[in-house]
Amino acid sequence: MSQDQLLLGSERPPRGSVTPALAGSVFVVCLGALQFGYHMAELNAPQEVLMCHGPLDPGYADTWWGRHGWEQCLHLDDSQYGLVTSIFSVGGLLGSLCTGSQADRYGRRAAAIGSSVLAAAGSAAMVFANSYAQLLLGRLVAGVGCGGGIVVTSLMLNEMAPAELKGALGALNQTCINLGILVTQLLAFAWANSVQWRLLFAVSAAVAVAHCGLLLGVEESPRWLAANGHEQRAERALRWLRADDAAAAHELREWRRAREHEAAAQCSSLRRYIADARYAHVRRVVAVLLMGQQFCGINSIVFYGVKLINGALPGLSIAVNFGISAVNLVVTLTAAALVDRVGRRPLLQCSAAAMAVASTLMAAGILLESAAVLVVCTFAYITFFALGFGPIPFLIIAELSSPGTAAVAQSYGLALNWVATFFVGFGFPVLNQLIGGYVFMLFGAFAAFMALYVRNRVPETRGKHDYREVWQGF
(Lines of atoms letter the chains of each structure in order from A; the text may use other names.)
(Lines give C-alpha, C1' and ligand atoms only; values in the text may rest on other atoms or scores of the structure.)
Protein backbone atom coordinates (compact mmCIF):
# COMPACT_ATOMS: atom_id res chain seq x y z
CA MET A 1 0.00 0.00 0.00
CA SER A 2 1.36 3.42 -0.99
CA GLN A 3 1.69 6.29 1.44
CA ASP A 4 -1.05 8.24 -0.39
CA GLN A 5 -3.41 5.31 -0.15
CA LEU A 6 -2.59 4.91 3.50
CA LEU A 7 -3.48 8.53 4.17
CA LEU A 8 -6.95 8.14 2.66
CA GLY A 9 -8.22 6.47 5.83
CA SER A 10 -11.24 7.65 7.72
CA GLU A 11 -11.13 11.08 9.32
CA ARG A 12 -12.64 9.51 12.39
CA PRO A 13 -9.77 8.57 14.70
CA PRO A 14 -9.62 4.81 15.27
CA ARG A 15 -9.54 3.77 18.90
CA GLY A 16 -6.05 2.89 20.09
CA SER A 17 -5.22 -0.56 21.40
CA VAL A 18 -2.21 -2.34 22.85
CA THR A 19 -0.83 -4.57 20.10
CA PRO A 20 1.88 -7.19 20.72
CA ALA A 21 4.43 -4.95 18.98
CA LEU A 22 3.49 -1.97 21.14
CA ALA A 23 3.52 -4.06 24.33
CA GLY A 24 6.95 -5.48 23.53
CA SER A 25 8.37 -2.07 22.67
CA VAL A 26 6.96 -0.53 25.85
CA PHE A 27 8.47 -3.34 27.93
CA VAL A 28 11.93 -2.77 26.47
CA VAL A 29 11.74 1.01 26.71
CA CYS A 30 10.60 0.81 30.34
CA LEU A 31 13.77 -1.02 31.36
CA GLY A 32 15.33 2.44 31.34
CA ALA A 33 12.89 3.54 34.04
CA LEU A 34 13.47 0.31 35.98
CA GLN A 35 17.21 1.05 36.08
CA PHE A 36 16.47 4.55 37.34
CA GLY A 37 14.36 3.23 40.23
CA TYR A 38 16.83 0.47 41.04
CA HIS A 39 19.73 2.91 41.38
CA MET A 40 17.64 5.37 43.37
CA ALA A 41 17.12 2.79 46.14
CA GLU A 42 20.15 0.52 45.87
CA LEU A 43 22.05 2.17 48.75
CA ASN A 44 19.10 2.19 51.15
CA ALA A 45 19.26 -1.31 52.66
CA PRO A 46 23.06 -1.94 52.66
CA GLN A 47 23.86 1.41 54.31
CA GLU A 48 24.99 0.00 57.66
CA VAL A 49 27.12 -2.69 55.99
CA LEU A 50 28.79 -0.30 53.53
CA MET A 51 29.68 2.06 56.39
CA CYS A 52 31.13 -0.88 58.40
CA HIS A 53 28.48 -0.37 61.10
CA GLY A 54 26.73 -3.67 60.52
CA PRO A 55 27.85 -7.19 61.47
CA LEU A 56 30.94 -8.32 59.56
CA ASP A 57 31.57 -11.91 58.47
CA PRO A 58 34.71 -13.25 60.21
CA GLY A 59 35.23 -15.69 57.34
CA TYR A 60 35.18 -13.00 54.64
CA ALA A 61 38.85 -13.54 53.74
CA ASP A 62 37.96 -17.03 52.50
CA THR A 63 35.13 -15.85 50.20
CA TRP A 64 35.65 -15.18 46.48
CA TRP A 65 35.59 -11.43 47.09
CA GLY A 66 38.01 -11.64 49.99
CA ARG A 67 40.47 -13.89 48.14
CA HIS A 68 40.59 -11.41 45.25
CA GLY A 69 41.33 -8.40 47.40
CA TRP A 70 37.94 -6.68 47.56
CA GLU A 71 37.17 -4.87 50.81
CA GLN A 72 34.40 -6.18 53.05
CA CYS A 73 33.13 -2.64 53.66
CA LEU A 74 34.27 0.89 52.80
CA HIS A 75 34.43 2.74 56.17
CA LEU A 76 32.24 5.68 55.09
CA ASP A 77 31.12 8.37 57.51
CA ASP A 78 27.67 10.00 57.37
CA SER A 79 28.72 12.90 55.12
CA GLN A 80 30.51 10.57 52.68
CA TYR A 81 27.51 8.27 52.51
CA GLY A 82 25.24 11.25 51.97
CA LEU A 83 27.42 12.43 49.08
CA VAL A 84 27.57 8.96 47.51
CA THR A 85 23.77 8.84 47.70
CA SER A 86 23.20 12.32 46.29
CA ILE A 87 25.98 12.31 43.65
CA PHE A 88 23.65 10.09 41.63
CA SER A 89 21.44 13.17 41.29
CA VAL A 90 24.36 15.25 39.99
CA GLY A 91 25.00 12.62 37.34
CA GLY A 92 21.29 12.49 36.59
CA LEU A 93 21.26 16.25 36.13
CA LEU A 94 24.13 16.08 33.63
CA GLY A 95 22.47 13.22 31.76
CA SER A 96 19.13 15.02 31.61
CA LEU A 97 20.68 18.25 30.34
CA CYS A 98 22.58 16.53 27.53
CA THR A 99 20.19 13.83 26.39
CA GLY A 100 17.25 15.85 25.08
CA SER A 101 19.30 17.48 22.32
CA GLN A 102 21.07 14.19 21.55
CA ALA A 103 17.73 12.40 21.28
CA ASP A 104 16.57 15.07 18.83
CA ARG A 105 19.74 14.84 16.77
CA TYR A 106 20.48 11.11 16.68
CA GLY A 107 17.13 9.56 17.54
CA ARG A 108 15.44 8.28 20.68
CA ARG A 109 16.74 4.74 20.39
CA ALA A 110 20.38 5.76 19.94
CA ALA A 111 20.14 8.06 22.96
CA ALA A 112 18.60 5.25 25.02
CA ILE A 113 21.40 2.85 24.07
CA GLY A 114 24.06 5.42 24.95
CA SER A 115 22.41 6.02 28.32
CA SER A 116 22.34 2.32 29.15
CA VAL A 117 26.01 1.93 28.21
CA LEU A 118 26.86 4.60 30.79
CA ALA A 119 24.58 2.98 33.37
CA ALA A 120 26.33 -0.36 32.80
CA ALA A 121 29.78 1.22 33.14
CA GLY A 122 28.84 3.02 36.35
CA SER A 123 27.31 -0.11 37.85
CA ALA A 124 30.41 -2.15 37.02
CA ALA A 125 32.59 0.46 38.71
CA MET A 126 30.45 0.17 41.85
CA VAL A 127 30.67 -3.63 41.83
CA PHE A 128 34.46 -3.45 42.00
CA ALA A 129 34.79 -0.30 44.09
CA ASN A 130 37.42 -0.68 46.78
CA SER A 131 37.37 2.89 48.06
CA TYR A 132 35.09 5.83 48.67
CA ALA A 133 36.36 7.60 45.52
CA GLN A 134 35.68 4.59 43.28
CA LEU A 135 32.17 4.16 44.64
CA LEU A 136 31.51 7.88 44.19
CA LEU A 137 32.72 7.79 40.56
CA GLY A 138 30.64 4.73 39.71
CA ARG A 139 27.53 6.26 41.23
CA LEU A 140 28.12 9.51 39.29
CA VAL A 141 28.49 7.70 35.94
CA ALA A 142 25.44 5.54 36.65
CA GLY A 143 23.54 8.75 37.41
CA VAL A 144 24.48 10.24 34.04
CA GLY A 145 23.20 7.11 32.30
CA CYS A 146 19.97 6.94 34.29
CA GLY A 147 19.35 10.68 33.93
CA GLY A 148 19.55 10.35 30.17
CA GLY A 149 17.59 7.13 30.20
CA ILE A 150 14.61 8.57 32.04
CA VAL A 151 14.39 11.47 29.55
CA VAL A 152 14.29 9.08 26.60
CA THR A 153 11.91 6.65 28.30
CA SER A 154 9.33 9.40 28.83
CA LEU A 155 9.71 10.61 25.25
CA MET A 156 9.45 7.18 23.65
CA LEU A 157 6.41 6.17 25.68
CA ASN A 158 4.64 9.39 24.73
CA GLU A 159 5.54 9.09 21.04
CA MET A 160 4.72 5.39 20.71
CA ALA A 161 1.37 5.48 22.53
CA PRO A 162 -1.97 6.04 20.76
CA ALA A 163 -3.67 9.25 21.91
CA GLU A 164 -6.25 7.31 23.96
CA LEU A 165 -3.52 5.45 25.87
CA LYS A 166 -0.93 8.18 26.44
CA GLY A 167 -1.85 8.60 30.09
CA ALA A 168 -1.91 4.89 30.90
CA LEU A 169 1.29 4.06 29.03
CA GLY A 170 2.99 7.23 30.23
CA ALA A 171 2.25 6.22 33.82
CA LEU A 172 4.20 3.01 33.21
CA ASN A 173 7.33 5.14 33.46
CA GLN A 174 6.72 5.68 37.18
CA THR A 175 5.40 2.13 37.55
CA CYS A 176 8.73 0.76 36.36
CA ILE A 177 10.66 3.19 38.54
CA ASN A 178 8.74 1.75 41.48
CA LEU A 179 9.33 -1.78 40.22
CA GLY A 180 13.07 -1.06 40.20
CA ILE A 181 12.85 0.19 43.79
CA LEU A 182 10.90 -2.94 44.77
CA VAL A 183 13.41 -5.28 43.10
CA THR A 184 16.23 -3.59 45.01
CA GLN A 185 14.41 -4.05 48.32
CA LEU A 186 13.61 -7.69 47.48
CA LEU A 187 17.24 -8.51 46.67
CA ALA A 188 18.32 -6.69 49.82
CA PHE A 189 16.71 -9.44 51.92
CA ALA A 190 19.39 -11.82 50.65
CA TRP A 191 22.31 -9.56 49.78
CA ALA A 192 22.40 -6.62 52.22
CA ASN A 193 25.26 -8.21 54.13
CA SER A 194 29.02 -7.78 54.32
CA VAL A 195 29.74 -10.57 51.81
CA GLN A 196 27.18 -10.12 49.03
CA TRP A 197 26.38 -6.38 48.88
CA ARG A 198 28.32 -6.01 45.62
CA LEU A 199 25.82 -8.32 43.90
CA LEU A 200 23.19 -5.58 44.25
CA PHE A 201 25.26 -3.46 41.86
CA ALA A 202 26.03 -6.43 39.58
CA VAL A 203 22.30 -6.89 38.90
CA SER A 204 21.97 -3.28 37.74
CA ALA A 205 24.94 -3.76 35.39
CA ALA A 206 23.31 -6.89 33.92
CA VAL A 207 19.99 -5.11 33.38
CA ALA A 208 21.74 -2.23 31.60
CA VAL A 209 23.59 -4.60 29.25
CA ALA A 210 20.37 -6.50 28.50
CA HIS A 211 18.60 -3.20 27.82
CA CYS A 212 21.21 -2.24 25.22
CA GLY A 213 20.75 -5.52 23.39
CA LEU A 214 16.95 -5.47 23.48
CA LEU A 215 16.78 -1.88 22.20
CA LEU A 216 18.34 -3.05 18.94
CA GLY A 217 15.12 -4.98 18.27
CA VAL A 218 12.83 -1.99 18.90
CA GLU A 219 11.73 0.41 16.16
CA GLU A 220 12.80 4.04 16.38
CA SER A 221 10.10 6.45 17.54
CA PRO A 222 7.83 6.94 14.50
CA ARG A 223 7.15 10.52 15.53
CA TRP A 224 10.88 11.31 15.55
CA LEU A 225 11.27 9.61 12.15
CA ALA A 226 8.42 11.64 10.66
CA ALA A 227 9.74 14.90 12.12
CA ASN A 228 13.18 14.25 10.63
CA GLY A 229 12.10 13.50 7.07
CA HIS A 230 12.02 9.68 7.27
CA GLU A 231 8.38 9.37 6.20
CA GLN A 232 8.53 5.82 4.84
CA ARG A 233 10.32 4.49 7.93
CA ALA A 234 7.83 6.35 10.13
CA GLU A 235 4.94 4.75 8.23
CA ARG A 236 6.43 1.27 8.57
CA ALA A 237 7.16 1.75 12.28
CA LEU A 238 3.69 3.09 13.01
CA ARG A 239 1.91 0.34 11.08
CA TRP A 240 4.01 -2.22 12.97
CA LEU A 241 3.12 -0.67 16.34
CA ARG A 242 -0.59 -0.22 15.59
CA ALA A 243 -1.27 -3.27 13.39
CA ASP A 244 -3.99 -1.05 11.92
CA ASP A 245 -3.60 0.89 8.67
CA ALA A 246 -6.45 3.28 9.50
CA ALA A 247 -4.94 4.17 12.89
CA ALA A 248 -1.52 4.71 11.31
CA ALA A 249 -3.05 6.85 8.57
CA HIS A 250 -4.87 9.04 11.05
CA GLU A 251 -1.80 9.60 13.24
CA LEU A 252 0.47 10.40 10.30
CA ARG A 253 -2.07 12.89 9.03
CA GLU A 254 -2.33 14.56 12.45
CA TRP A 255 1.46 14.77 12.77
CA ARG A 256 1.75 16.44 9.37
CA ARG A 257 -0.87 19.00 10.29
CA ALA A 258 0.88 19.67 13.58
CA ARG A 259 4.25 20.15 11.84
CA GLU A 260 2.73 22.65 9.43
CA HIS A 261 1.29 24.70 12.29
CA GLU A 262 4.28 24.35 14.60
CA ALA A 263 7.28 24.61 12.29
CA ALA A 264 8.19 27.93 13.89
CA ALA A 265 7.98 26.41 17.36
CA GLN A 266 10.75 23.86 16.79
CA CYS A 267 13.37 24.17 19.52
CA SER A 268 16.14 21.68 20.27
CA SER A 269 18.44 23.97 22.27
CA LEU A 270 17.96 24.12 26.03
CA ARG A 271 19.45 27.62 26.14
CA ARG A 272 16.99 28.88 23.50
CA TYR A 273 14.12 27.14 25.25
CA ILE A 274 14.90 28.84 28.57
CA ALA A 275 15.36 32.27 26.94
CA ASP A 276 12.28 32.18 24.70
CA ALA A 277 9.31 34.00 26.25
CA ARG A 278 6.86 31.88 24.20
CA TYR A 279 7.54 28.93 26.47
CA ALA A 280 7.48 30.81 29.79
CA HIS A 281 4.08 29.48 30.90
CA VAL A 282 5.07 25.89 30.12
CA ARG A 283 8.44 26.30 31.85
CA ARG A 284 6.84 27.59 35.03
CA VAL A 285 4.40 24.72 35.36
CA VAL A 286 7.01 22.09 34.44
CA ALA A 287 9.50 23.56 36.93
CA VAL A 288 7.04 23.67 39.83
CA LEU A 289 5.65 20.17 39.20
CA LEU A 290 9.00 18.45 38.71
CA MET A 291 10.77 20.17 41.61
CA GLY A 292 7.68 20.00 43.78
CA GLN A 293 7.54 16.25 43.34
CA GLN A 294 10.85 16.03 45.20
CA PHE A 295 10.34 18.82 47.75
CA CYS A 296 7.27 16.98 49.01
CA GLY A 297 9.87 14.62 50.51
CA ILE A 298 9.47 11.33 48.66
CA ASN A 299 13.18 10.58 48.48
CA SER A 300 13.66 11.01 52.20
CA ILE A 301 11.85 7.65 52.28
CA VAL A 302 13.39 6.12 49.13
CA PHE A 303 16.96 7.00 50.17
CA TYR A 304 16.74 6.73 53.96
CA GLY A 305 13.57 4.77 54.72
CA VAL A 306 15.38 1.78 56.24
CA LYS A 307 17.34 3.96 58.66
CA LEU A 308 14.29 6.11 59.43
CA ILE A 309 12.04 3.16 60.27
CA ASN A 310 14.81 1.27 62.02
CA GLY A 311 14.66 3.87 64.77
CA ALA A 312 11.03 2.96 65.42
CA LEU A 313 11.04 -0.76 64.56
CA PRO A 314 14.55 -2.20 64.98
CA GLY A 315 15.03 -5.41 63.03
CA LEU A 316 11.95 -4.93 60.86
CA SER A 317 13.04 -1.92 58.83
CA ILE A 318 13.98 -3.80 55.63
CA ALA A 319 10.69 -5.74 55.69
CA VAL A 320 8.65 -2.58 56.27
CA ASN A 321 10.56 -0.78 53.54
CA PHE A 322 9.84 -3.65 51.15
CA GLY A 323 6.15 -3.35 52.03
CA ILE A 324 6.25 0.38 51.32
CA SER A 325 7.84 -0.28 47.92
CA ALA A 326 5.22 -2.94 47.13
CA VAL A 327 2.38 -0.55 47.97
CA ASN A 328 4.04 2.11 45.83
CA LEU A 329 4.09 -0.25 42.85
CA VAL A 330 0.51 -1.51 43.25
CA VAL A 331 -0.97 1.97 43.66
CA THR A 332 1.00 3.29 40.68
CA LEU A 333 -0.57 0.54 38.57
CA THR A 334 -3.96 1.75 39.81
CA ALA A 335 -3.03 5.31 38.85
CA ALA A 336 -2.10 4.11 35.36
CA ALA A 337 -5.67 2.85 34.97
CA LEU A 338 -7.22 6.03 36.44
CA VAL A 339 -5.20 8.77 34.79
CA ASP A 340 -7.11 8.65 31.48
CA ARG A 341 -10.48 8.26 33.23
CA VAL A 342 -10.28 10.77 36.07
CA GLY A 343 -7.80 13.24 34.62
CA ARG A 344 -4.41 14.61 35.62
CA ARG A 345 -5.47 17.60 37.74
CA PRO A 346 -7.86 15.79 40.13
CA LEU A 347 -5.28 13.09 40.82
CA LEU A 348 -2.52 15.64 41.40
CA GLN A 349 -4.69 17.71 43.75
CA CYS A 350 -5.84 14.71 45.75
CA SER A 351 -2.29 13.35 45.90
CA ALA A 352 -0.72 16.58 47.17
CA ALA A 353 -3.43 17.33 49.75
CA ALA A 354 -3.29 13.83 51.22
CA MET A 355 0.52 13.86 51.30
CA ALA A 356 0.40 17.12 53.25
CA VAL A 357 -1.74 15.48 55.94
CA ALA A 358 0.25 12.21 55.99
CA SER A 359 3.61 13.98 56.18
CA THR A 360 2.46 16.12 59.10
CA LEU A 361 1.25 13.01 60.93
CA MET A 362 4.58 11.28 60.20
CA ALA A 363 6.27 14.15 61.99
CA ALA A 364 3.92 13.61 64.92
CA GLY A 365 4.73 9.90 64.95
CA ILE A 366 8.46 10.62 65.15
CA LEU A 367 8.14 13.35 67.78
CA LEU A 368 5.77 11.29 69.94
CA GLU A 369 7.86 8.13 69.38
CA SER A 370 4.84 6.25 68.08
CA ALA A 371 5.97 3.51 65.71
CA ALA A 372 2.38 2.73 64.71
CA VAL A 373 1.61 6.31 63.66
CA LEU A 374 4.91 6.62 61.78
CA VAL A 375 4.52 3.38 59.83
CA VAL A 376 0.80 3.80 59.03
CA CYS A 377 1.28 7.39 57.87
CA THR A 378 4.35 6.44 55.83
CA PHE A 379 2.22 3.87 53.99
CA ALA A 380 -0.51 6.49 53.51
CA TYR A 381 2.02 9.01 52.21
CA ILE A 382 3.41 6.52 49.69
CA THR A 383 -0.09 5.50 48.60
CA PHE A 384 -1.15 9.04 47.74
CA PHE A 385 2.21 9.90 46.18
CA ALA A 386 1.88 6.92 43.84
CA LEU A 387 -1.68 7.92 42.98
CA GLY A 388 -0.72 11.27 41.47
CA PHE A 389 2.57 13.03 42.09
CA GLY A 390 4.56 9.89 41.34
CA PRO A 391 3.59 9.16 37.72
CA ILE A 392 1.89 12.32 36.44
CA PRO A 393 4.68 14.96 36.46
CA PHE A 394 6.82 12.81 34.15
CA LEU A 395 4.07 12.11 31.62
CA ILE A 396 2.50 15.58 31.61
CA ILE A 397 5.62 17.42 30.35
CA ALA A 398 5.15 16.28 26.76
CA GLU A 399 1.40 16.92 26.97
CA LEU A 400 1.97 20.53 28.04
CA SER A 401 4.55 21.11 25.29
CA SER A 402 4.41 21.40 21.52
CA PRO A 403 5.91 18.43 19.64
CA GLY A 404 8.83 20.63 18.55
CA THR A 405 9.79 21.39 22.15
CA ALA A 406 8.85 18.13 23.89
CA ALA A 407 12.38 16.70 24.06
CA VAL A 408 14.03 19.86 25.36
CA ALA A 409 11.14 20.43 27.80
CA GLN A 410 11.66 16.89 29.09
CA SER A 411 15.35 17.62 29.63
CA TYR A 412 14.54 20.92 31.34
CA GLY A 413 11.99 19.41 33.69
CA LEU A 414 14.04 16.37 34.60
CA ALA A 415 17.16 18.48 35.14
CA LEU A 416 15.25 20.51 37.72
CA ASN A 417 13.91 17.28 39.21
CA TRP A 418 17.48 16.07 39.66
CA VAL A 419 18.51 19.35 41.31
CA ALA A 420 15.68 18.96 43.80
CA THR A 421 16.55 15.27 44.30
CA PHE A 422 20.13 16.25 45.16
CA PHE A 423 19.01 18.79 47.74
CA VAL A 424 16.61 16.34 49.37
CA GLY A 425 19.12 13.46 49.25
CA PHE A 426 21.98 15.50 50.69
CA GLY A 427 19.95 17.83 52.90
CA PHE A 428 17.57 15.41 54.60
CA PRO A 429 20.18 13.77 56.90
CA VAL A 430 21.39 17.22 57.95
CA LEU A 431 17.89 18.57 58.61
CA ASN A 432 16.85 15.35 60.32
CA GLN A 433 19.79 15.68 62.68
CA LEU A 434 19.07 19.36 63.35
CA ILE A 435 15.27 19.39 63.76
CA GLY A 436 14.28 15.72 63.85
CA GLY A 437 10.70 14.91 62.92
CA TYR A 438 9.88 18.54 62.20
CA VAL A 439 11.50 18.07 58.79
CA PHE A 440 8.36 16.21 57.72
CA MET A 441 6.27 19.23 58.65
CA LEU A 442 8.30 21.18 56.10
CA PHE A 443 7.54 18.51 53.49
CA GLY A 444 3.87 18.65 54.48
CA ALA A 445 3.73 22.43 54.06
CA PHE A 446 5.23 22.16 50.59
CA ALA A 447 2.75 19.44 49.62
CA ALA A 448 -0.10 21.74 50.70
CA PHE A 449 1.35 24.49 48.49
CA MET A 450 1.48 22.05 45.56
CA ALA A 451 -2.22 21.20 45.98
CA LEU A 452 -3.10 24.90 45.69
CA TYR A 453 -0.74 25.43 42.77
CA VAL A 454 -2.22 22.56 40.76
CA ARG A 455 -5.72 23.88 41.40
CA ASN A 456 -4.91 27.37 40.13
CA ARG A 457 -2.11 26.99 37.58
CA VAL A 458 -2.04 23.55 35.96
CA PRO A 459 -4.33 22.87 32.95
CA GLU A 460 -6.03 19.54 32.40
CA THR A 461 -4.55 17.55 29.49
CA ARG A 462 -6.87 14.53 29.45
CA GLY A 463 -8.64 14.15 26.12
CA LYS A 464 -6.75 17.05 24.53
CA HIS A 465 -5.15 16.29 21.17
CA ASP A 466 -3.21 19.53 20.73
CA TYR A 467 -1.09 21.52 23.18
CA ARG A 468 -2.85 24.72 22.10
CA GLU A 469 -6.13 23.18 23.20
CA VAL A 470 -4.50 22.29 26.54
CA TRP A 471 -3.50 25.91 27.21
CA GLN A 472 -6.70 27.51 25.97
CA GLY A 473 -7.98 29.73 28.80
CA PHE A 474 -4.71 29.68 30.80
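Each residue, glycine too, has its Cβ placed from N, Cα and C.
Please treat TrEMBL annotations as automatic predictions, because they have not gone through curation.
Annotated features in TrEMBL:
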- 21-41: transmembrane segment (TRANSMEM)
- 25-462: domain 'Major facilitator superfamily (MFS) profile' (DOMAIN)
- 110-129: transmembrane segment (TRANSMEM)
- 135-157: transmembrane segment (TRANSMEM)
- 169-191: transmembrane segment (TRANSMEM)
- 197-218: transmembrane segment (TRANSMEM)
- 285-306: transmembrane segment (TRANSMEM)
- 318-339: transmembrane segment (TRANSMEM)
- 346-367: transmembrane segment (TRANSMEM)
- 373-397: transmembrane segment (TRANSMEM)
- 409-428: transmembrane segment (TRANSMEM)
- 434-454: transmembrane segment (TRANSMEM)
Distant-in-sequence neighbours of the transmembrane segment (169-191), which means Cβ under 8 A and at least six residues beyond its ends: 26, 30-31, 33-42, 44-46, 150, 153-154, 157-158, 160-161, 197, 199-200, 203, 302, 318-319, 321-322, 325-326, 328-329, 332-333, 335-336, 339, 386, 390-392, 394-395, 398
Folded-back contacts onto the transmembrane segment (285-306), same chain, C-beta under 8 angstroms, at least six residues removed: 40-41, 43-45, 47, 85, 181, 317-318, 321, 324, 348, 352, 355, 359, 378, 381-382, 385, 389-390, 392-393, 396-397, 400-401, 409, 412-414, 416-417, 419-421, 423-425, 428-429, 432, 439-440, 442-443, 446-447, 449-450, 453-454, 457-459
Cβ contacts the transmembrane segment (197-218)/the transmembrane segment (373-397), at least three under 8 Å, sequence gap 6 or more: no
Arithmetic mean of per-residue pLDDT over the domain 'Major facilitator superfamily (MFS) profile' (25-462): 90
